[in-house]
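Student: For reference, TrEMBL lists these features for the protein:
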TRANSMEM  21-45  transmembrane segment
TRANSMEM  57-77  transmembrane segment
TRANSMEM  116-138  transmembrane segment
TRANSMEM  144-169  transmembrane segment
TRANSMEM  176-193  transmembrane segment
TRANSMEM  213-233  transmembrane segment
TRANSMEM  279-301  transmembrane segment
TRANSMEM  307-325  transmembrane segment
TRANSMEM  352-371  transmembrane segment
TRANSMEM  377-400  transmembrane segment
TRANSMEM  412-430  transmembrane segment
TRANSMEM  436-453  transmembrane segment
Amino acid sequence: MPVPDLFFTMMKEEWRMHSTVFGSRGFALFPVVVATFAFLGSLTLPVFSDVLPHQTAALLALVLFLLMGVMVGSFGLMGREFMNRRFGQASLIAYASRSLPVSERRIFAAFFAKDTVYYILLYVLPFAAGFTAATPFVSLDPMLGLLAFVSLTLAFLMGLSAVCLLSTLYARSVRLLIGAAAVLAVSGIAVSHSGIPVFPPYAFLLDPAPRPLVLALLLILVPAAASVLLVTVDYPDRTKRFRNSLDPIAGRLRRLGSAHFIAKDALDLLRSEGGAGKVIFSFLLPLGLIWVCLRILIRFIPGIDPLVVFAVLLGVISATIYNWLTEFDSFSAYAFLPVEVAGVIDAKLKSYALANLLPLAVLVLAAATSAGGAGSFLPALATFLSVSAYTLAVTVYLTGLYPNVMLYHAGVFLRYVLATSPALLLLIFASLLNPAYGFLSLLLVLPAALLIARGRTRWRAWEMPGY
C-alpha cells in the first residue's frame with residue numbers, strides 16, 4: 001500500500017475515533033475554540049506589554065507548542081498501552097504490519113505525516129489564525145501571522161521528531177536511549193557556547209533569515225528520518241511474571257480507604273511499558289522548560305520572584321497525573337462488581353494525592369535553589385496546593401474517568417479553559433506584583449470541593465463509546 005493511501009486512511013481513522021466519542025460537530029469545533037482563545041489572548045498583548053514583552057510572549061508560545069510536539073511524539077513510548085488499553089480490540093492501521101504485507105517503516109512514515117498534518121490543523125493553524133485576526137486591533141503587521149504559523153510549526157515539529165526518535169530508541173534499548181540523551185545534552189551545551197541559535201524557531205521569528213530556518217529543518221528532518229529507519233511496533237514477546245503484590249500494598253494503604261483500588265493503580269503504572277519513568281518523563285520535562293522560561297523572564301523584568309508563578313504552572317501540570325491514573329482502565333472493567341463510579345473516582349483522587357508528592361518535592365527543590373525562595377515559599381506552597389486541587393476538580397467534573405479523550409470535545413475544552421484560565425491568570429499577574437498575593441489561591445479550595453462532590457455523582461450513567 002503506498003504511503004499516501006496509508007496517510008489518508010489514517011486521517012479517516014483518527015477522525016472516526018474522535019467523532020465516535022464526541023460526535024462530528026463536537027470534535028470539528030475544537031479548532032474553532034483554539035482560534036477563539038488565541039484571538040482573545042492576542043488582544044491582551046498591549047495591556048500586559050509592560051509586564052510581558054512581546055518577545056517574551058512569543059517565546060512562551062513557541063515553548064508551549066514545543067511541549068505539544070513532545071506529548072504527541074510520546075507514541076513510541078506509550079504505544080503498546082495506548083493500543084491495548086485505550087482501544088481494546090480495535091484493529092488500527094498502526095499495527096497493520098502484523099497481518100498485512102506493509103512494512104513498519106512505511107506505516108510509521110505515514111503515521112508521522114498523519115500526526116504532523118492532523119495536529120497542525122487541530123492546534124497550530126487555528127492558533128496562528130486567531131493571532132492573525134487580532135493583529136489589526138493591536139497595531140501589529142498581519143504578515144506576522146504567517147511568520148508565527150511557520151515558527152509555531154517548526155517548534156511543534158522539533159518536539160515531535162525529537163521525542164519520536166528518543167521513544168523509538170527506547171523501544172529498542174534503554175541503553176541506546178540513555179546514550180542518545182547524553183549525546184544530545186553534550187551537543188546542546190556545545191551549541192549554546194558556539195553562537196548557534198539554541199532554539200531556531202524563536203531565532204527565525206525574531207529574524208526570518210535562512211540560517212535559523214535551515215537549522216530548524218535539520219533538527220526536524222534528521223530525527224524524523226532516524227525514527228522511520230529504526231522504528232519497531234512489533235515489541236519482542238517476553239513473559240513477565242510478578243509476585244502477587246496487590247494484597248501487601250493494599251495492607252500498607254488500608255488506613256486511606258479504597259486500598260485495593262490504590263494498589264491496583266500503582267501496579268498498573270509500575271508494570272506498564274516504561275513504568276513510572278514515563279510519568280516522570282512527561283512531567284519533569286515540561287516543568288524544566290517552564291523553569292528555564294521563568295529564569296529568562298527575570299532578565300526582562302528584574303526584581304520579580306518567579307516561584308509563585310512556577311507554583312501556579314506546577315499545579316496545572318500536576319493535575320495531568322490524574323490523566324495517567326485513568327489511562328489504564330475504564331469503569332466497564334468494574335461493571336460486574338459491586339462498585340460505583342463515585343468509589344472509583346474517590347480511589348483515583350487518593351492515588352493522585354499520593355502521586356502529588358512528586359511535584360511537591362519539585363516545588364521544595366525550586367524554592368531551595370532560587371534566590372529569595374525561602375521568603376516566598378509559603379505563598380507558593382498555598383498556591384500549588386490550591387491550584388492543583390482546583391484544576392483537578394474541574395477535570396473530574398467535566399471529564400469523569402475519561403480526561404484523555406473528553407478534553408478533545410470542543411464544548412468540554414471550552415468550559416475547561418473558561419473555568420481555569422481567569423483564576424490562574426489573575427494569580428500569575430498578581431504574584432508578579434507581590435508573592436504574598438499567592439495566598440488568594442486559597443479561595444479556590446471551596447469551589448474545588450463542590451466540583452469534586454458534583455463530579456462524583458455526575459458520571460454514574462455514562463460509559464465511553466467503543467470504537
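Any Cβ shown, glycine's included, is placed from N, Cα and C.
These numbers come from a predicted model, not from an experiment.
Help me picture where these features are in the structure shown.
Tutor: Within the same chain, residues 7, 11, 14, 30-32, 34-43, 45-46, 61, 65, 68-69, 72, 144-146, 148-149, 152-153, 156-157, 160 sit at least 6 positions outside the transmembrane segment (116-138) and bring their C-beta atoms closer than 8 Å to a C-beta of that stretch.
Long-range Cβ contacts of the transmembrane segment (307-325) within its own chain (Cβ-Cβ under 8 Å, at least 6 residues beyond either end) map to 265, 269, 279, 282-283, 286-287, 290-291, 294, 348-349, 351-352, 355-356, 358-359, 362-363, 366-367, 370, 372-373, 376-377, 379-381, 383-388, 390-392, 395-396, 403-404, 420, 424, 427-428, 431-432, 435, 437-438, 441.
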Student: Check for me, if you would, whether the transmembrane segment (412-430) reaches the transmembrane segment (21-45) - at least 3 Cβ pairs under 8 Å, residues 6 or more apart in sequence.
Tutor: yes
Student: Which bits of the chain, at least 6 residues beyond where the transmembrane segment (436-453) starts or stops, bring a Cβ under 8 A of a Cβ in it?
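Tutor: Distal contacts: 308, 311-312, 349, 376, 379-380, 382-383, 386-387, 389-390, 392-394, 396-397, 423, 426-427, 430.
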